[in-house]
Structure formats: structure tokens, C-alpha cells
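What follows is one structure encoded as C-alpha cells, with my remarks underneath.
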């Protein structure tokens, strides 16, 4: 079978409520091909120091990915090492997925807390 182009769609959901008061994610939509790398960004609610990342594949419930608090990774879900992230001094966070696979097509969400 010849090479087949697989599209990988990544959707992000913005926080509800006024933009300045909620969690914000960017980009809101992302389409990549298999093998590429994707980066998602999350800005927490002002004053929040913890950021949580979740994945929701089509037809499945939310799956926990990563938890960062005050710049440290505090917990990690059962995902391959190609899923990584970091938290910056301003408490915003980044989720990176390397060597994308078709099964990575999902809704990715971030949340924040004190």
C-alpha cells in the first residue's frame, strides 16, 4: 500500500465567560499530518498557579494528561512520552505532542485552579 496522508485535527475549547476572566487556549483549531509536531498553549485564570491538560477522543470521556503547579510537573497520565509540556513563570502552560499519530485526533482542554 502506498503512503497515505492522514489528517490530524486538534480542537481546543476556549473557557466560558468573559475572555479576561477565564482560561484561554490557543490555537482554537489545529490540523496537522501524521508525524508532525503540535503545540497548544493555555493561559490560566488570573491568580491560578495550577494548570491541567486533558484529552477527549471522539466517543470517549476525558482523559487526564498533565498537571503543572508553580512551574513543576506534579502528575502525568498514562500517555506516551511524546506528550510533554511545561509551565512558564507567569503560570501559562504549553502542551506538545511529537510524532503525531491518527489516534491523537481529539479535543484537548486545559483548566486552572489555585
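Indices start at 1 and increase along the chain as displayed.
Heads up, the Cβ atoms here are built off N, Cα and C, so glycines get one too.
Residues annotated as signal peptide in Swiss-Prot: 1-21.
According to Swiss-Prot, the domain 'Ig-like' annotation covers 22-114.
Marked as disulfide bond by Swiss-Prot: 42-110. For residue 42 (disulfide bond), the same-chain residues that are 6 or more apart in sequence and have a Cβ closer than 8 Å to its Cβ are 23, 24, 25, 51, 53, 92, 93, 94, 95, 110, 112. Under the three-state DSSP scheme, residue 42 (disulfide bond) falls in the strand class.
In sequence order, the list of same-chain residues 6 or more apart from residue 90 (N-linked glycosylation site) whose Cβ falls under 8 Å from its Cβ is empty. For 90, the entry in Swiss-Prot reads N-linked glycosylation site.
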What three-state class does DSSP give residue 90 (N-linked glycosylation site)?
coil
